[in-house]
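J.: Dropping a structure here in structure tokens format, bear with me for questions.
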Amino acid sequence: MRFTLIEAVALTAVSLASADELAYSPPYYPSPWANGQGDWAQAYQRAVDIVSQMTLAEKVNLTTGTGWELELCVGQTGGVPRLGVPGMCLQDSPLGVRDSDYNSAFPSGMNVAATWDKNLAYLRGKAMGQEFSDKGADIQLGPAAGPLGRSPDGGRNWEGFSPDPALSGVLFAETIKGIQDAGVVATAKHYIAYEQEHFRQAPEAQGYGFNISESGSANLDDKTMHELYLWPFADAIRAGAGAVMCSYNQINNSYGCQNSYTLNKLLKAELGFQGFVMSDWAAHHAGVSGALAGLDMSMPGDVDYDSGTSYWGTNLTVSVLNGTVPQWRVDDMAVRIMAAYYKVGRDRLWTPPNFSSWTRDEYGYKYYYVSEGPYEKVNHYVNVQRNHSELIRRIGADSTVLLKNDGALPLTGKERLVALIGEDAGSNPYGANGCSDRGCDNGTLAMGWGSGTANFPYLVTPEQAISNEVLKNKNGVFTATDNWAIDQIEALAKTASVSLVFVNADSGEGYINVDGNLGDRRNLTLWRNGDNVIKAAASNCNNTIVIIHSVGPVLVNEWYDNPNVTAILWGGLPGQESGNSLADVLYGRVNPGAKSPFTWGKTREAYQDYLVTEPNNGNGAPQEDFVEGVFIDYRGFDKRNETPIYEFGYGLSYTTFNYSNLEVQVLSAPAYEPASGETEAAPTFGEVGNASNYLYPDGLQKITKFIYPWLNSTDLEASSGDASYGQDSSDYLPEGATDGSAQPILPAGGGPGGNPRLYDELIRVSVTIKNTGKVAGDEVPQLYVSLGGPNEPKIVLRQFERITLQPSEETKWSTTLTRRDLANWNVEKQDWEITSYPKMVFVGSSSRKLPLRASLPTVH
């Protein structure tokens, strides 16, 4: 019997499993067509108006990248010059403009999560959007909430926010709003259940010596999908995200970019997504089935990098002409792309790209990879940084988590001799950008590695910033940055008034192997002898302060409770202003108010939720079974009664706060009604015509390997170049896939983000918070809910806010709980419902420090 998405999955195959034993993703067709619901109406109508004037080839040109390394951006679509529609520039990354110059390198998404600050998330998004816009990029390939962070050693966790879906969802949405308010389309990625680097792409894994033929499959049940991994994407869609990027992995043994259940049903029918779905680069595996399953844009356009062949382009034109892909589906692709373009106002701000992703030379061939086209200026060296360094410094400081403080901080500036110890204090000897895509761990760590990076315009190291502080006060500072020079470290620490020890742990994307870490971390220990560096300093200095730059939690149990370790700070991946933002906290200019966005366990085993790092299904797709369900991070620790070292939401301050006066009030709200009715029939725009209308234009000078939408012959088989052309469509067209008739509206659907009634506010919760210390500071009240039920987490985060209070100041913090906040996913009804189990609310400063609690009244 095959497992479906609606059933719990618990496979432990060690050899090739039969198809009937593998997790199974049920089909869902046809692909829903956009209709302009929510606040998309105006953009949708403009898109319909322009697409109605396009030929089939022009529509196809919007959907297909022109090929890897050919034009200036990492992804580029064709345009419709006749109608004034330019080709669109798509560019990484979630923390700044990748492969460019004179751009900012922002703190990671994980650092934004550590701020717990919605406004900073928005401001960072807007600042990034401004830089993308100024560089001529139309679509930012970010932000990310996939990976969510199921496993603490997942390689790309730092690109996202937090393993908590509510914290991730709010900051994901605010980032998207900021990017799009700057006139750039934001891309919510990687959709969905993309939680490890191992086996994400079969060719990549084969390059590492793994004998597999298909990408790994994330296997999870329907409740886990909705309550955990889909949750932040619902927030993104409700926030108006223009694009969603489907992921490399399979979900229940169906590829992410042709999975009709996750794309057609969950994203488009249930969440009401009105924008377009693009493939991750080379995650497009089939032409017709991808189109019918809900893919709208193929990136970077070619089947294999620089191959000159494409599943779409000419082949998508052929597929419409021969009837295997209905006209309405391609019309819908084009409308979705143009609606996103218009929704953010890109047409008013459009400027051509003024940089090349492939060279820093000022001049080069227009079509880089094939050295064809005019030899022209490709890099204009436009400085787009504005005053964003100030925001970056602020986020860096506001995301620095104070984990321990035995009165050592803040520093006074009167310390006579400051020792700066550890490689992480200093510079990469090759330069801040000396390793391609930051694929090394040399010097201080300010971002992970992979496509989710950006070039630093500069990098202020801790050594530089702290030395400036010490010298300003006319005291002494000495540095030891060789992590294996233990004797010298011990000697320096002996002489110091305070030893600041810098350690790190890195990770990134799977195409880069750093010290045997294939993207994912091999373990949670500190890198480059970090534990021994700390112990050497602490054994010789009774005022040792540890600063951790890492991509997630690390194991600190060897030294965290050493009395000579007087303070511990986690700085995450703070970006270009790393040293300055840290100095602001160390010297008390900024009172730390950050909270850990993940749990710090005593051992790797405490987390469970293991990565699959060896094939477990013969040479078939490795099976990644999410048997823990919704119990990841603090939820799993709570379930297993596992005591962490530092819990989720934990963080100290230079002041103290008191919580009191919890009040709960029921609000008036409409009753919940499942969505019902039917959609309109699929619209079509314009006439298709016949093959003779789509031959290559006379006089066109074709560029080698460039992906075009036209035909080289009216013989469709000859034009397709597909060896299996002519196969009976009944062999591969799923039932209902080409049906453009009216379709039922799902109960959980009805608007962007799902049923609008889910967002009704049902309960108001208020507490009084007082600063009981002597200095001003920020506090983050956190509201958790117990949903009741025998198989539910003990508590789940639902609301939070970062607030600033002066000494002795108190404030009343109020927030609301929506129907969605109190609901569970009902697998049988395929809808959200508030169960009859008793519910409670908890408020406090971390997931394990919740002094206020109350029973919640019954609501529906």
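Just so you know, glycine gets a Cβ as well, placed from its N, Cα and C.
The shown structure was predicted, so the numbers you read here are calculated from the model rather than taken from an experiment.
Look at Swiss-Prot and you will find D280 tagged as active site. Per Swiss-Prot, N-linked glycosylation site is recorded for N61, N252, N315, N322, N354, N387, N442, N523, N542, N564, N658, N690 (among others). For 719-753, the entry in Swiss-Prot reads region 'Disordered'. Annotation comment: Swiss-Prot describes 1-19 as signal peptide.
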J.: Please classify the secondary structure at N442 (N-linked glycosylation site) using three-state DSSP.
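T.: Its secondary structure by DSSP: coil.
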J.: Could you give me the DSSP helix, strand and coil counts for the region 'Disordered' (719-753)?
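T.: Counts, helix then strand then coil: 5 helix, 1 strand, 29 coil.
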J.: Cα distance, N542 (N-linked glycosylation site) to N564 (N-linked glycosylation site), nearest Å?
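T.: Answer for this pair: 4 Å between alpha carbons.
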J.: Just going by other Cβ atoms within 10 Å, which of the glycosylation sites N61, N252, N322, N523, N690 has the emptiest spot?
T.: N690
J.: Cβ neighbours within 10 Å, counted over all protein chains: which one of the glycosylation sites N315, N354, N387, N564 has the most?
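T.: Of N315, N354, N387, N564, the one with the most crowded Cβ is N315.
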J.: Quick one: Cα separation, D280 (active site) versus N442 (N-linked glycosylation site), in Å?
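T.: With the alpha carbons as reference points, the distance is 29 Å.
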J.: Neighbour count first, Cβ atoms within 10 Å, every protein chain included; then name which of D280, N442, N542, N658 tops the list of recorded positions.
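T.: Output for this query is D280.
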J.: Using only C-alpha positions, which one of N354, N387, N690 is spatially nearest N442 (N-linked glycosylation site)? These are the glycosylation sites in the record.
T.: N387
J.: In whole Å, note down how far the CA of N315 (N-linked glycosylation site) lies from the CA of N61 (N-linked glycosylation site).
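T.: Distance (Cα to Cα, whole Å): 11 Å.
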J.: Check N658 (N-linked glycosylation site) against DSSP and tell me helix, strand or coil, would you?
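T.: Note: N658 (N-linked glycosylation site) is in a strand by DSSP.
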J.: What's the CA-CA gap between N322 (N-linked glycosylation site) and N252 (N-linked glycosylation site) in angstrom, rounded?
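T.: Computed Cα spacing between N322 (N-linked glycosylation site) and N252 (N-linked glycosylation site) is 31 Å.
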J.: Whole-number answer please: how many Å between the C-alpha atoms of N690 (N-linked glycosylation site) and N658 (N-linked glycosylation site)?
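T.: Computed Cα spacing between N690 (N-linked glycosylation site) and N658 (N-linked glycosylation site) is 74 Å.
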J.: Need the DSSP three-state call for N315 (N-linked glycosylation site) to compare against my parser.
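T.: Reduced to three states, the DSSP call for N315 (N-linked glycosylation site) is helix.
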